[in-house]
Amino acid sequence: MADKGTENFDLEGSSWYIVHEAECTDSIDTLEDLCDESDSNVSNLIDDDVVDQGNSLALYNAKITDDCDNAIAHLKRKYNKSPEQAVAELSPQLQAVKITPERNSKRRLFQEDSGIFEDEAENSLTQVESNSQTGGNSQDGGGDINLLLLQTSNRRATMLAKFKDWYGVSYNEITRVYKSDKSCSDNWVIVIFRAAVEVLESSKIVLQQHCTYIQVKIFGFSALYLLQFKSAKSRETVQKLMCSMLNIQEFQILTDPPKLRSVPTALYFYKQAMLTESFVFGQTPDWIAKQTLVSHQAATTAETFELSKMVQWAYDNNLLEECDIAYHYAMYADEDANAAAYLKSNNQVKHVRDCSTMVRMYKRYEMRDMSMSEWIYKCCDECTEEGDWKPISQFLKYQGVNILSFLIVLKSFLKGIPKKNCIVIHGPPDTGKSLFCYSLVKFLKGKVVSYVNRSSHFWLQPLMDCKVGFMDDATYVCWTYIDQNLRNALDGNPMCIDAKHRAPQQLKLPPMLITSNIDVKQEQSLMYLHSRVQCFSFPNKMPFLDDGSPMYTFTDATWKSFFQKLGRQLELTDPEEESNGVPSRAFRCTSRSNSDSY
């Protein structure tokens with residue numbers, strides 16, 4: 001076994017920097033002696049006390065709690081939006097700073113103001129902060145609600161909650177929302193908060209000049225109004241009116257139109273009107289009366305639409321055009337149950353077209369079944385005005401036309417005698433030819449045809465539905481066309497007319513009135529028309545008054561007086577004489593049951 005100890009290797013010349021063993025000294029034996037003999041002035045430099053354990057567990061719990069709080073705050077900041085009011089309190093300029101621009105949903109870009117209330121879930125994150133110390137020292141007792149409205153971040157939610165507590169119904173259940181302040185309505189529900197009682201009482205009188213119906217219920221310093229204005233108003237106009245009248249601000253007002261088709265809404269206001277604390281002025285609005293009042297009409301309400309009733313109504317009112325029937329029958333829905341059922345129908349266009357077709361058929365048959373005398377007296381009966389026939393006589397005399405000659409030609413014209421079935425009035429321009437003829441055709445409910453439509457196969461079709469036809473300002477080309485194609489039309493004999501959507505119709509054309517600047521009988525190229533027309537010349541220009549109106553005017557009342565005065569000379573027979581005094585039965589196209597009574 002090798003010897004214990006340190007083995008040294010002798011290296012020449014290295015003894016001066018290689019230390020092989022520590023040198024022992026006996027001058028200082030212990031650490032205490034070293035400290036005692038030190039020349040340092042610092043006492044107790046080394047802490048030699050016993051080390052304590054301490055409360056390390058509490059320190060650990062505090063650190064874990066801080067870490068959890070920071071993690072929860074990070075999650076809240078990530079998933080919860082900061083309240084808008086808090087941002088505004090930090091800085092007004094900071095509220096306007098937005099990193100991401102706001103974008104509206106595409107499905108709402110073109111949404112109209114339909115009045116349908118949207119879901120309120122989108123506003124559910126809005127925080128409502130209220131001050132617990134509000135209005136405790138108010139002298140008038142109503143300052144608490146005003147201060148509350150000013151201090152809350154969502155004023156509308158606070159106002160809706162107060163309204164439901166005071167009036168026992170939700171505001172959104174009795175109103176429909178207008179998104180735009182420009183939308184107009186006749187009826188408005190208005191809720192006022194924090195207004196003087198004296199001003200609220202005086203508004204009952206002031207509003208009467210603006211409204212046809214007023215219902216006011218005052219509760220403390222608030223009031224509920226149901227108003228029907230004389231003319232439609234927007235929300236802006238209503239707010240300005242109430243603010244100026246009650247001396248309040250716009251944030252103290254809730255205003256929206258009521259739900260006009262809601263039965264609970266109508267019943268609510270109907271019940272409020274019967275309370276003693278409610279003030280009512282005017283007649284109950286129609287939308288409330290229809291849904292609350294019982295009438296005899298409810299027993300006869302039509303479950304389905306009946307076309308025959310619509311046809312009978314259009315026939316009685318002498319409505320033939322589709323636009324007239326559609327518009328006036330829609331307005332009739334307030335009075336007639338069948339018209340109301342028509343508005344609910346999805347086939348309104350078809351019903352209007354069918355109604356117009358049926359009325360035209362009935363009217364066409366009646367016209368064809370009447371003689372010319374009966375038709376003229378029928379036109380006279382429909383004219384309710386009274387006039388004088390002398391302007392016609394004076395105008396003919398002014399134009400140099402013998403009144404007796406005119407009556408003889410007109411008598412043959414009205415009878416439709418062949419070869420005497422057409423009257424031509426010719427002369428220079430501005431002589432009153434068209435004015436004279438148009439007034440006569442209008443009174444007799446005649447039809448006008450134009451040569452410009454000659455290229456159409458159906459340009460003579462209007463002559464099938466009239467007693468008198470009229471063609472204005474016939475040129476030489478037009479006379480040439482008549483000479484080549486329409487000689488038998490002027491004869492007064494039956495001819496074939498092409499009708500649209502029907503087979504060609506064979507009938508006798510009605511008597512024709514034609515105005516022209518050409519004297520047909522002076523044109524030898526139109527010699528075959530000389531025997532088919534009766535001509536009158538109007539050589540003198542129509543005189544005018546200082547205001548620009550013609551001196552001679554011809555109205556329906558003028559022609560009514562003319563035919564009544566000269567009916568015997570024209571050999572017109574009175575329909576009462578033909579029927580021997582027996583009244584004719586009115587036309588009816590609806591079926592009536594035995595239980596119907598009026």
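Note that Cβ sites are derived from N, Cα and C of the backbone, with glycine treated the same way.
Among the features that Swiss-Prot reports, ATP binding site is placed at G427, P428, P429, D430, T431, G432, K433, S434, with the record citing sequence analysis. Residues or ranges marked as SUMO cross-link in Swiss-Prot (evidence: sequence analysis): K508. The domain 'SF3 helicase' annotation in Swiss-Prot covers 401-551. Per Swiss-Prot, the feature phosphoserine maps to S82, S91. What Swiss-Prot lists as region 'DNA-binding region' is 138-302, and the listing cites sequence analysis. What Swiss-Prot lists as region 'Disordered' is 573-598. Annotation comment: Swiss-Prot describes 90-99 as motif 'Nuclear export signal', evidence class sequence analysis.
Other than the site residues G427, P428, P429, D430, T431, G432, K433, S434, same-chain residues with C-beta atoms no more than 8 angstroms from the centre of those residues' C-beta atoms, the ATP site, are T515, N517, F538, K541, M542.
For T431 (ATP binding site), the count of additional Cβ atoms within 10 Å of its Cβ stands at 21 [all protein chains shown]. In the three-state DSSP reading, T431 (ATP binding site) counts as coil. Across the structure, G427 (ATP binding site) and the residue listed as 'SUMO cross-link' place their CA atoms 29 angstrom apart. Under a cutoff of 8 A between CB atoms, and with a sequence separation of 6+ in the same chain, the neighbours of G432 (ATP binding site) are F395, Q399, F538, M542, P550, Y552. All protein chains shown were included, and the count of other CB atoms within 10 Å of the CB of P429 (ATP binding site) stands at 9. When the Cα atoms are compared, P429 (ATP binding site) and K508 (SUMO cross-link) turn out to be 32 Å apart. Taking every protein chain shown into account, K433, K508 are the recorded positions, and of these the Cβ with the most other Cβ atoms within 10 Å belongs to K433.
A simple way to gauge crowding: the CB of P428 (ATP binding site) has 12 other CB atoms within 10 angstroms, across all the protein chains here. Note on the domain 'SF3 helicase' (401-551): mean pLDDT across this stretch is 90.
The separation of K508 (SUMO cross-link) from D430 (ATP binding site), Cα to Cα, is 33 Å. Note: the Cα of P428 (ATP binding site) and the Cα of the residue listed as 'SUMO cross-link' are spaced 32 Å from each other. In the three-state DSSP classification, K508 (SUMO cross-link) falls within a strand. The two recorded residues K508 (SUMO cross-link) and T431 (ATP binding site) have their Cα atoms spaced 31 Å from each other.
Using a 10 Å radius centred on the Cβ of D430 (ATP binding site) and all shown protein chains, the other Cβ atoms total 13.
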